[in-house]
Amino acid sequence: MTDSTPFAPTAQRLGLYPVVDSVEWIERLLGVGVKTIQLRIKDRSDEQAETDVIQAIALGSRYQAQLFINDYWTLAVKHQAYGVHLGQEDLDTADLAAIKKAGLRLGVSTHYDRELARAVAINPSYIALGHIFPTQTKDMPSAPQGLAELTRHIADLQGRFPTVAIGGISIDRVPAVLATGVGSIAVVSAITQAPDWRQATATLLKMIEGREA
């Protein structure tokens with residue numbers, strides 16, 4: 001029988017949520033006021049990733065940030081991260097009971113209705129909806145959702161979970177994404193590939209959270 005008790009809660013609105021692939025980016029962005037962030041490193045063994053995970057968690061604690069570790073849930077549990085983010089394929093192998101018992105928050109990626117229903121049944125801390133627009137930062141097996149589909153999913157959830165929109169969201173697309181009622185916007189290249197990442201981050205913080213960096 002599936003344990004339907006909820007995972008540890010997080011803020012209803014997570015605000016700006018950068019997803020980055022290095023400890024260097026974690027430190028830069030926490031240093032300019034970002035409060036929710038995800039370390040997404042790929043194609044490394046747990047042994048190879050552990051040092052980065054430890055350093056990222058330490059930075060999250062230092063800056064009192066909501067730091068999520070993508071995929072490496074065993075390391076996140078071992079080193080007491082704030083939270084873990086899992087894709088649908090990760091849900092097949094992760095020990096969700098161990099993550100919950102450790103008190104970690106859980107975020108889950110979804111791409112269409114069936115995956116959204118699966119996420120709701122798990123009762124995670126937040127649900128990510130995407131990808132909204134075409135993106136080059138990750139190979140995606142599904143088509144972009146678009147704003148109409150995002151709006152429908154937000155309405156279907158009826159505020160039961162914090163929500164995060166992700167995928168191809170540039171600065172100029174932020175107002176339209178926020179208008180759907182989503183509680184957070186995850187970005188990758190809008191910051192990491194910006195000509196001036198500091199300015200891009202400050203602009204995004206003001207647009208999404210209404211505060212200065």
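Including glycine, each Cβ sits where the backbone N, Cα and C put it.
Taken from Swiss-Prot as is:
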type	residues	note
BINDING	Q38, L39, R40, I41, K42, N70, S109, K138	4-amino-2-methyl-5-(diphosphooxymethyl)pyrimidine binding site
BINDING	D71, D90	Mg(2+) binding site
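Distribution of Swiss-Prot features across the structure.
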residue: Q38; record: 4-amino-2-methyl-5-(diphosphooxymethyl)pyrimidine binding site; Cβ within 10 Å: 25
residue: L39; record: 4-amino-2-methyl-5-(diphosphooxymethyl)pyrimidine binding site; Cβ within 10 Å: 28
residue: R40; record: 4-amino-2-methyl-5-(diphosphooxymethyl)pyrimidine binding site; Cβ within 10 Å: 18
residue: I41; record: 4-amino-2-methyl-5-(diphosphooxymethyl)pyrimidine binding site; Cβ within 10 Å: 18
residue: K42; record: 4-amino-2-methyl-5-(diphosphooxymethyl)pyrimidine binding site; Cβ within 10 Å: 10
residue: N70; record: 4-amino-2-methyl-5-(diphosphooxymethyl)pyrimidine binding site; Cβ within 10 Å: 21
residue: D71; record: Mg(2+) binding site; Cβ within 10 Å: 20
residue: D90; record: Mg(2+) binding site; Cβ within 10 Å: 16
residue: S109; record: 4-amino-2-methyl-5-(diphosphooxymethyl)pyrimidine binding site; Cβ within 10 Å: 23
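If you measure from the Cα atom of S109 (4-amino-2-methyl-5-(diphosphooxymethyl)pyrimidine binding site) to that of D71 (Mg(2+) binding site), you get 11 Å. The CA atom of D71 (Mg(2+) binding site) is located 8 Å away from the CA atom of I41 (4-amino-2-methyl-5-(diphosphooxymethyl)pyrimidine binding site).
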